[in-house]
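Enquirer: Feature list, courtesy of TrEMBL:
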type: DOMAIN; residues: 55-84; note: domain '4Fe-4S ferredoxin-type'
type: BINDING; residues: Cys64, Cys67, Cys70, Cys114; note: [4Fe-4S] cluster 1 binding site
type: BINDING; residues: Cys74, Cys104, Cys107, Cys110; note: [4Fe-4S] cluster 2 binding site
type: DOMAIN; residues: 95-124; note: domain '4Fe-4S ferredoxin-type'
type: REGION; residues: 169-201; note: region 'Disordered'
Amino acid sequence: MLNFLKQVGDYAKESVQAAKYIGQGLSVTFDHMRRRPVTVQYPYEKIIPSERYRGRIHFEFDKCISCEVCVRVCPINLPVVDWEFDKASKKKTLNHYSIDFGVCIFCGNCVEYCPTNCLSMTEEYEMAAYDRHELNYDNVAMGRLPYKVTQDPMVTPLREYGYLPKGVTDPHDLPAGSRRAGKLPQEILEEAESAASGADN
Ligand code: SF4
Ligand code: SF4
């Protein structure tokens with residue numbers, strides 16, 4: 001009899017535990033039903049990269065003075081600056097410039113320190129290639145400007161979560177002109193400048 005009661009007790013205990021675990025599992029499921037989907041219908045829909053996204057580097061050949069600062073500040077000395085000295089003008093003449101984006105870590109040091117601002121980060125992130133050597137971009141490939149997600153007629157651009165209006169969690173069918181939650185960078189800058197000028201007066 002005691003053995004039977006013990007079995008019933010164990011069974012009841014296990015049933016309660018099983019119900020608890022099912023409840024925990026379902027609570028995760030129901031919690032996700034209230035969240036926005038994190039996936040988009042790529043490549044028909046694409047997330048708009050953030051303002052400071054560090055994508056493929058753009059290069060302006062005419063602005064480069066072959067100073068090689070970009071090479072020295074690069075953690076892996078990656079940019080290849082092929083120049084020769086022109087005795088007549090006593091200046092360096094740039095022949096070729098290249099960066100291997102299969103090796104680049106997109107740290108942005110070269111962009112930050114280039115004295116003539118001929119390097120800039122773009123929002124291009126689709127650089128998949130079958131051959132890694134195709135990722136070694138020369139100055140012609142780097143001189144190409146990327147297709148912006150917002151200007152591509154084949155793509156529906158979607159805002160990332162941090163760029164949605166307050167209280168909105170679905171980036172689809174946003175009313176035109178709806179602004180994101182919080183202050184814009186230029187507004188923060190203007191406030192800081194007016195606060196600084198107020199402190200000076
Ligand atoms: S730092 Fe700028 S100007 Fe100097 S070699 Fe590099 S890309 Fe050219
Ligand atoms: S982004 Fe960084 S790793 Fe890539 S070339 Fe520039 S300095 Fe080098």
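Every residue gets a Cβ built from N, Cα and C, even glycine.
In terms of burial and nearby residues, how do these features look in this structure?
Expert: The average pLDDT the prediction assigns to the domain '4Fe-4S ferredoxin-type' (55-84) is 96.
Long-range Cβ neighbours of Cys67 ([4Fe-4S] cluster 1 binding site) (same chain, at least 6 residues apart, Cβ-Cβ under 8 Å): Pro115.
Residues within less than 8 Å, Cβ to Cβ, of Cys74 ([4Fe-4S] cluster 2 binding site) and separated from it by at least 6 positions along the same chain comprise Asn109, Cys110.
The DSSP breakdown of the domain '4Fe-4S ferredoxin-type' (95-124), given as helix, strand and coil counts, is 5 helix, 9 strand, 16 coil.
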Enquirer: Including all protein chains shown, what's the count of other C-beta atoms within 10 A of the C-beta of Cys70 ([4Fe-4S] cluster 1 binding site)?
Expert: 25
Enquirer: Beyond the listed site residues Cys64, Cys67, Cys70, Cys114, identify every same-chain residue whose Cβ lies within 8 Å of the center of their Cβ atoms for the [4Fe-4S] cluster 1 site.
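Expert: Those within range, site residues removed, are Ile65, Ser66, Glu68, Val69, Pro79, Val81, Cys110, Pro115, Thr116, Cys118, Leu119.
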Enquirer: Relative to the mean position of the Cβ atoms of Cys74, Cys104, Cys107, Cys110, the recorded [4Fe-4S] cluster 2 site, which additional same-chain residues have Cβ within 8 Å?
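Expert: Here the nearby residues are Ile57, Cys70, Val73, Pro75, Ile76, Leu78, Pro79, Ile99, Ile105, Phe106, Gly108, Asn109, Val111.
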Enquirer: Return one of helix, strand or coil for Cys64 ([4Fe-4S] cluster 1 binding site), based on DSSP.
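Expert: DSSP call for Cys64 ([4Fe-4S] cluster 1 binding site): coil, neither helix nor strand.
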Enquirer: If you measure from the Cα of Cys104 ([4Fe-4S] cluster 2 binding site), which of the binding-site residues Cys64, Cys70, Cys114 is the nearest?
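Expert: Ranked by Cα distance from Cys104 ([4Fe-4S] cluster 2 binding site), first place goes to Cys70.
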Enquirer: I'd like the number of other C-beta atoms within 10 A of the C-beta of Cys114 ([4Fe-4S] cluster 1 binding site), please.
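Expert: 22, counting other Cβ atoms within 10 Å of Cys114 ([4Fe-4S] cluster 1 binding site).
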